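Here you go, one structure.
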Amino acid sequence: MISASNPVLINYSPLTYKQKFSDSLYNLPRQFKAYLLGLFPIIQWIHRYNLSWLAQDAIAGITVGMLIVPQGIAYAKIANLDPQYGLYTSFVGVTLYCFFGTSKDISIGPITVVSLLVGQAVTKVTEAHPDITGAEIAVCLSLFAGLTTMLIGLVRLGILVDFISEPVIAGYMTGSAITISFGQWPKVFGLKGVNTHESPYLIFYNFFKHLPETKLDAAFGLTALVALYIIKIGGVHLGQRVSKLKKPLFFLGIMRSGLIVILGTLVSYIINVHHHSKPLISIIQEVPAGFDAMAIPNLNMTILKEASGVLPSIVLILILEHVSVAKSFGRMSNYSINPNQEILAIGMSNIVGSFFGAYPCTGAFSRTAVMARSGAKTPMAGVFSGAVVVLALYALTPAFYYIPESVLGAVVIHAVIDLISGPTFFKALWNQSILEFMIFVIAVVITFFLDVETAIYVSVGLSLLLMLLRLARPSVSSLGRVKLNPAAYNSLSASSSSSTAKQKHAAHDIYGMDRAARYIFVDEKDAHFSGLLDPLPAGVIVVRLSNSILYPNANYVTEKMTELVKSRTRSGNEDNDSSQQEERPWNQPVASSKEEMLHRHALKPYLDSIVLDFGSVDKLDATALHTLHAMQESLNRYAGGKAVEWHFCQIANEQVRQLLIEAGFGYLPEAEKESACSSLVDLKMAKDPTAMPTTLETPFYSAGSVPTMNSLCDPMGMMLVDSFDSSTLNATTASHHEYQESNSIALLPKDVFPAFHWDVEEAVYSICARRQNQKKHHQQLQNPSSITVTIY
């Protein structure tokens, strides 16, 4: 229990670089072993695998497999590839993930946005080099994207994902969804004259321009689209009304894309079976069976050169989409994932996938949601999804011949519409941050008029710029204090009025002053407290910082603090003598009259102490320490050469504290030497370091000195003098209320460095106590007979 006789004294012993290096070497074998085991998470759970998990994984995996087959075929068309490449991509990702992944729900495979970017790269490269096929481009992109993501995962740089904001992701996802859907509408209507590789606004224009050329495909496409939404919306409403049908309707909803493709294919077969050479509607036609494209990837540097602009955006989306989906379902199912390991899993899936003819793949939200709702227990569920894809590749390819392209277009439109952010998101983002809303809008607009690649780079750049601006301009506020009603908290700390009286009496005995009052410190501009603020002790400025002090904001923070100080105090260099006017800096304002100067003097006190609330300061760098030191010297000159006291409270962590100490903070300015009683106290403390004095007053340390055992054992770090006169306040505090401290302050943990405090209230109290000690010390020097020493 913390008590006056058993204080908590804070003092850290920082490790030297040699000690840190030795510790690192000592822990290196264990950490390296943990790193290697972490590369294969399957080792941690495969030995506990059981039949119950197997059954659940099989159900979930097969369910997702029935979804991934039609999606793979449809998404391959977005990537300007033949349908089988979508199936190759679907197989490798889901099968390999169980060895490297840390999420039980993730389903890796092709996604719409990456398919769109691959399609743009295929178009760009094939136009410049007609001898290069789209499949070669896609496989090369998969290999290079896989190598990049694998490297990021191995060196554990998953933190890079955190620099991309949610509005940026929502912006390019919305823009991509609009782009993809516009590109599919001509296929739904069977329009051949529309170039779907152009910018979305041109596709939109040409679609309506060629709308009179609509063919029979529209009957298939529109019917499929309507049917998909009827199953989706109707199933939800019917399931809410009839609980018995909830589960069957759930599986019907999951398989709706596959069912619509099957039905569309059956009708297509019926009308085209006798028109094999010239089908009545557009169909995907021949699909090779098996893994026809399996080969060693061709490292064509021409492809890398031409696609270098789109490759970083592909890598970015692979990581963002996968990690965000994995985190979301991890939170929903109450398990944690390792982002770095997930990035490694993406990399391995794409590297291995390039040998199977796959294009870049990652975790997909829709399939992951189905996997989670189907009851997957482990990542092994993906293996069963891969088995379904293999079955489709070897047994169902003849049936793929008659799949209508308009039906696939409807499936794609139905899938991407959910990616478009709705009015609720717009309103919420507008209310939360107008600047982030603008970034979101810019991403959507650039996607619509240019392309997804440019939109990603611009929105990410603007988001990073906004982050830097917010870091460079943190809030710096001056605090005032509000006195709490003593009855409100005394009743909570004592069961009777007599116990409360005893506590007050004990407080008076220790400090010679009424410490029943408590204060809270609030922003002095907060309108809620405008009529409740009590004046701070004269010359004391309390400042709260809202962020770490680093090189982007160091100068701004110190300038704002200097402005706050100078607006609330007067310079110690001001002189009424007109002869001093010539030495005044050219840009310093001059009082118009002597009366005005005297009036200003009467209103503002001299600067004495600064209290910095470091509760939100988690980091300091060299620039920050340099600017703080420069500010300290500047304020000392401003105070007329007097050393201004710097107090720090609520220091966030040990590292910040140590940096402040190394920069010369933590100590109080050197004052007059203590009287003879100090040596008597030191003698007593040397004999009994645990002894506690009756009356405590603040000692003085010079910068660079080390606190003595006396200060370590004294919770308030004070001189031991019995006599006390509450009227002997320093002149700078005479016009203000005497600061009163509650009993609880004496029980707070105390730092061995006198300028570091637990909270703002303790810091302000220590300043007042120090002033009283200084005044009393001067009186005792003038009247030595009045000195009394504490008797233990």
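Every residue gets a Cβ built from N, Cα and C, even glycine.
From a predicted model like this one, the values you see are computed outputs, not experimental measurements.
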Given 108-125, 162-179, 288-305, 504-521, which one carries TrEMBL's transmembrane segment label?
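Within the set 108-125, 162-179, 288-305, 504-521, TrEMBL attaches transmembrane segment to 108-125.
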Which range out of 58-78, 108-125, 137-159, 250-271, 407-426 gives the transmembrane segment (85-102) the most CB pairs under 8 Å?
58-78
Need a quick answer: max count of Cβ pairs under 8 Å to the transmembrane segment (58-78), which of 137-159, 218-238, 381-401, 407-426 is it?
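Counting Cβ pairs under 8 Å, the winner is 381-401.
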Taking a Cβ cut-off under 8 Å, which residues six or more beyond the ends of the transmembrane segment (381-401) line up next to it in the same chain?
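Counting only partners 6 or more residues beyond its ends, the transmembrane segment (381-401) has Cβ contacts under 8 Å with 56-58, 60-62, 64-66, 68-69, 72-73, 83-84, 87, 90-95, 97-98, 104, 106-108, 265, 283-291, 371, 374.
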